[in-house]
There are 4 protein chains.
Amino acid sequence: MDVDSRAARWEQRTEIPLFVASLVFMAAYATRVLAVGLAHWRDLCLWVMLALWAVFAADYLVRWRLGGQRFLRFVSTHFLHTVVVVLPLLRPLRIVPLYDVIQRRQGEPRLSLYARVISYASLSTLLLGFAGALAVFQQERGAPGATMTTFGDAVWWAASTLSTVGYGDITPVTRLGRTIAIGMMACGIGLLGAVTGSFSSWLMQTFTRGSDRKGPPGP
Amino acid sequence: MDVDSRAARWEQRTEIPLFVASLVFMAAYATRVLAVGLAHWRDLCLWVMLALWAVFAADYLVRWRLGGQRFLRFVSTHFLHTVVVVLPLLRPLRIVPLYDVIQRRQGEPRLSLYARVISYASLSTLLLGFAGALAVFQQERGAPGATMTTFGDAVWWAASTLSTVGYGDITPVTRLGRTIAIGMMACGIGLLGAVTGSFSSWLMQTFTRGSDRKGPPGP
Amino acid sequence: MDVDSRAARWEQRTEIPLFVASLVFMAAYATRVLAVGLAHWRDLCLWVMLALWAVFAADYLVRWRLGGQRFLRFVSTHFLHTVVVVLPLLRPLRIVPLYDVIQRRQGEPRLSLYARVISYASLSTLLLGFAGALAVFQQERGAPGATMTTFGDAVWWAASTLSTVGYGDITPVTRLGRTIAIGMMACGIGLLGAVTGSFSSWLMQTFTRGSDRKGPPGP
Amino acid sequence: MDVDSRAARWEQRTEIPLFVASLVFMAAYATRVLAVGLAHWRDLCLWVMLALWAVFAADYLVRWRLGGQRFLRFVSTHFLHTVVVVLPLLRPLRIVPLYDVIQRRQGEPRLSLYARVISYASLSTLLLGFAGALAVFQQERGAPGATMTTFGDAVWWAASTLSTVGYGDITPVTRLGRTIAIGMMACGIGLLGAVTGSFSSWLMQTFTRGSDRKGPPGP
């Protein structure tokens, strides 16, 4: 790693607060999309989102300064981080740095490898699915010929998409809605595949261990 | 494991009877949902279900006592068990403890690792799919605009969902039906993925072994 | 293996002819289903199918005799074989014995492990998908409300089902058609999963080998 | 490998230019399909495509000559190459030779194994999906009863097919369109499975490494 210890310490201290900030951002966005009647709340949420966006940008700039790279090089080596600053709804994708920071604090991992992959990747998928449902719903609401009329429809659509079931009873029809949906498929299906794969490996490991323990056949 | 030998012996003795009890529970639930005309039978089934629920709760309390933990801690460390007591239809998810108990009795596992994973996970998926089809059918029956009108439709929907094919010719439309469906996807697709993965590994192992055996080329 | 050498020699000699016979059976069945106008041909096909059925049954009985087990025990230990005798369209499922016999003849396997799994499992999936499309089409043709009106529709449905895409533009509506479809999903998705998994492993192996060969950098 | 060093040097020099030529071919095909009003441009594109086809055929003949095999044997041992000469839109399938050539030039691979598989297989899937969307759109446009009316629809259909989501809101209805779609499924789903599998393995590896590094717990 060509990141010096000051950059590492900054990451160590800010990753968790920024993750919490991204949850607040998502909640503000959700309120803005869903609380149609409450104009005051929606304005408040807009301000909260802008403030958090400024915080994310400031963090990005501080990291660039601490890293000591030229800007374009920093952008290309921190590709995911750049995407996440532009679109804070995608911040749940930063599970690996978040995992890293949490593990460093805890010292010893308390869960088995599979349980850790399952829990982090599930959380990430859940948040991404929620953000995707919100973003697609915002595009689809009121579009002519839309089948997605309530937010419940959007959640149902997101679940059927991420699991690759894809009923097709509810689908986005607007150009932007479909673009967001393709991005959600690209990120989410990979993450959910990691969950399924880990679960499958864990089950197989459990069944192997079970047959080894048979040596001393119980008390 | 911080579970002493009395708790282990209790599990050893009760796991299989409780699994059978959950099958009876499922049969009673099926009768209650499907036997529309027979009011007497449906009442009987309700009583059977309540009695079995009491048995499941009693088993849960006994395990908590034998484990010697505080209640909230027991609930959090036995998360799956708690879910299964609240929703006995999900008891097929306890395949790992069931497998454990059966293997302890048999001494030596009689099937290869892959065959064991395939058989236990398939059984679990089948039972879950049946329970999910019943539960969703109960919600959807009579709902306005429902496409699921017979139990055959519900089974067909469950098969197309668990295999992630997802035709979408029949889909739940009620809020509760969709919630149950999302839960069924979350559990079932992982389990079925384990079946598919094991089958694939078994096939690859068989083909490897086949090419090794070529040394002495038959009699 | 508790099968003596006479049973093994019988398998060695009959497996490939029986596989060819099952292809003829499938062709006769296809003619019977698709050649609607040609009554004479359809009668001929029926006789061919019955004759081949007799051959399959005779082979089954000879194997039972050579194996020296009691009948019920033979049925339970040769479960797949029993299924395949009752439903000869499923004979492509016997890829493992077929592979075994072909490898024994060739001596040295000529393809890599992945290529062998991919080719055998693809062939098996193709034949199963074709048989499933035929069988479902026979049920659906003329059913009220059927979306599957031509055999081309049936092939398109089978492809979208086995790949788990599941568009749902064409789906079976009869009870028997759906039952066959569920069986086709259960067998075919596992086999296709083996193909996909092997391809993925092969790609990863190729990319690993590529980076090792870098030692001497070309000529 | 029974390919002598002159054939290897030819491949080393031509693989990248030919890949670029296939991108130009795809762009010309896209212009021909999409630029409906511009007759002059479409004619130009046709000539470009024919010229590139001649180049691909010439390369194929040179390789055959350099390899020193008889023609039919060359065709059967270079099956993928033959397919790619007949259908230049499928040239993105040649990722393994392309990868090989690029790695030979670079000396040391700069990305980890998983990152290489993910990037090559993603690129390949993207190009294949784009080519498939173009080819299916050309068949479907103007077909009676077609649901795919704009190229945006075709891209949306391709994304939902390759991810195996398969909504079914837009599906090909012509015979040739469906045949191309089945080919696209066969190639694309395997490639995308490799992407998902590599991502999943990478995530698991990252989480393992994370727990090993815990020995010295940070500065």
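Cβ atoms here come from the backbone N, Cα and C positions, even for glycine.
Just so it is clear, the model here is predicted, and its values are computed rather than measured.
Summarising the annotation, TrEMBL assigns domain 'Potassium channel' to A:138-204. On the 0 to 100 pLDDT scale, the domain 'Potassium channel' (A:138-204) averages 91 in the predicted structure.
For A:16-38 (among others), the entry in TrEMBL reads transmembrane segment. Tertiary proximity for the transmembrane segment (A:16-38) is limited to same-chain residues at least six positions away from its ends with a CB under 8 Å from its CB atoms, namely 45-46, 48-49, 52-53, 55-56, 59, 88-89, 91-92, 94, 98, 101-102, 127, 130-131, 134, 137-138, 151.
What TrEMBL records for A:44-62 (among others) is transmembrane segment.
Here the transmembrane segment (A:74-93) has long-range neighbours at 18-19, 22, 25-26, 29, 52-53, 56-57, 60, 63-64, 67, 123-124, 127-128, 131, 134-135, 187, meaning same-chain residues at least 6 beyond its ends whose C-beta is under 8 angstroms from one of its own. The transmembrane segment feature in TrEMBL is assigned to A:74-93 (among others).
Under the heading transmembrane segment, TrEMBL lists A:113-137 (among others).
According to TrEMBL, the feature transmembrane segment maps to A:149-168 (among others).
Annotation source TrEMBL lists transmembrane segment at A:180-204 (among others). Only residues 6 or more beyond the boundaries of the transmembrane segment (A:180-204), in the same chain, are considered here, and those with a CB under 8 A from a CB of the stretch are 90, 93, 112, 114-115, 117-118, 121-122, 124-125, 128-129, 132, 135-136, 139, 158, 161-164, 172.
Here the transmembrane segment (A:149-168) has Cβ contacts under 8 Å with residues 33-34, 125, 129-130, 132-134, 136-137, 140-141, 181, 184-185, 188-189, 192 of the same chain, all six or more residues outside its ends. When Cβ-Cβ distances below 8 Å are used as the criterion, the transmembrane segment (A:44-62) is approached by residues 10, 14, 18, 21-22, 24-25, 28-29, 31-32, 35, 81-82, 84-85, 88, 91 of the same chain, each at least six residues removed from its ends.
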